[in-house]
Amino acid sequence: MGSASGEEREGPLGLYLEIKMQRKDIVSPVDTMGCSITPSCRTEEERRFHILVSLLLSSQTKDEVTYEAMARLRKLLPESAATDGEARGGLTIERVANSDVKHINECIKKVGFHNRKAANLKKIAEILREKGLPREMKDLISLPGIGNKMALLYMSHACNRTVGISVDTHVHRISNRIGLVRTRDVESTRRELERVVPRKEWKTINNILVGFGQTICVAKRPRCEECCIRGRCPSSLF
């Protein structure tokens with residue numbers, strides 16, 4: 001594991017940069033089962049749709065459960081829902097749009113709020129069938145069930161455009177623990193992070209802190225003994 005320079009180590013941003021270095025040696029669920037992991041996609045459109053569906057399912061749900069639900073959708077959506085000439089299997093806009101909400105719900109029944117997400121997924125597919133996949137934030141957040149956090153990740157992973165910092169519970173928790181921000185909600189955290197974090201760090205900060213929050217800086221009983229900044233973190237148990 002490398003180390004940050006002396007100048008970089010100063011202040012909360014320096015603590016984050018050291019976490020970034022430690023993350024290079026950590027494989028977390030977000031690295032192997034996050035929204036950017038899109039196996040078996042045959043086209044760019046299908047890859048982008050996979051990312052959007054994964055993000056929709058991910059709220060209040062662990063990456064492992066979301067990943068399993070995605071696999072079930074790819075495997076279990078009925079072939080009768082495919083259009084003429086469409087390859088068999090896979091997760092496509094047409095297959096979802098042509099599927100019953102009940103069948104979609106059965107595929108994703110282990111994710112949080114699956115009833116609502118099944119209905120939203122069906123509606124999204126119907127919208128995308130008419131309008132195509134979105135490329136702008138305003139179009140993304142107009143879709144049912146898609147908020148700022150998901151839209152920012154979609155823009156980054158599906159469109160290769162980083163327009164902001166996506167903040168979830170891990171990013172919010174760790175940013176406050178290390179003193180990078182002093183905020184009470186994720187939207188305030190997003191605004192403050194975009195103010196204090198250099199733009200060159202925006203693309204990766206979500207993955208870095210989510211993975212760190214899944215493995216080391218967990219919500220309850222954080223593993224401070226394994227943390228590279230345990231002697232300097234203001235929230236350290238050491």
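Here the Cβ of each residue, glycine as well, is placed from N, Cα and C on the backbone.
Quick look at what Swiss-Prot annotates:
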ACT_SITE  Lys149  active site, nucleophile
BINDING   Cys217, Cys224, Cys227, Cys233  [4Fe-4S] cluster binding site
DOMAIN    129-155  domain 'HhH'
SITE      Asp168  site 'Important for catalytic activity'
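Annotated features, which come from Swiss-Prot, shown on the structure.
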{"residue": "Lys149", "record": "active site, nucleophile", "CB count, 10 Å": "22"}
{"residue": "Asp168", "record": "site 'Important for catalytic activity'", "CB count, 10 Å": "19"}
{"residue": "Cys217", "record": "[4Fe-4S] cluster binding site", "CB count, 10 Å": "23"}
{"residue": "Cys224", "record": "[4Fe-4S] cluster binding site", "CB count, 10 Å": "16"}
{"residue": "Cys227", "record": "[4Fe-4S] cluster binding site", "CB count, 10 Å": "22"}
{"residue": "Cys233", "record": "[4Fe-4S] cluster binding site", "CB count, 10 Å": "22"}
Using Cα positions only, nearest of the binding-site residues to Asp168 (site 'Important for catalytic activity') (Cys217, Cys224, Cys227): Cys217
[4Fe-4S] cluster site, defined by Cys217, Cys224, Cys227, Cys233: further same-chain residues with Cβ within 8 Å of the Cβ centre: Arg177, Ile216, Pro222, Arg223, Glu226, Ile229, Arg230, Ser235, Ser236, Leu237
Whole-number Å value for how far Lys149 (active site, nucleophile) lies from Cys233 ([4Fe-4S] cluster binding site) (Cα to Cα): 26
Cys217 ([4Fe-4S] cluster binding site) - helix vs strand vs coil (DSSP): coil
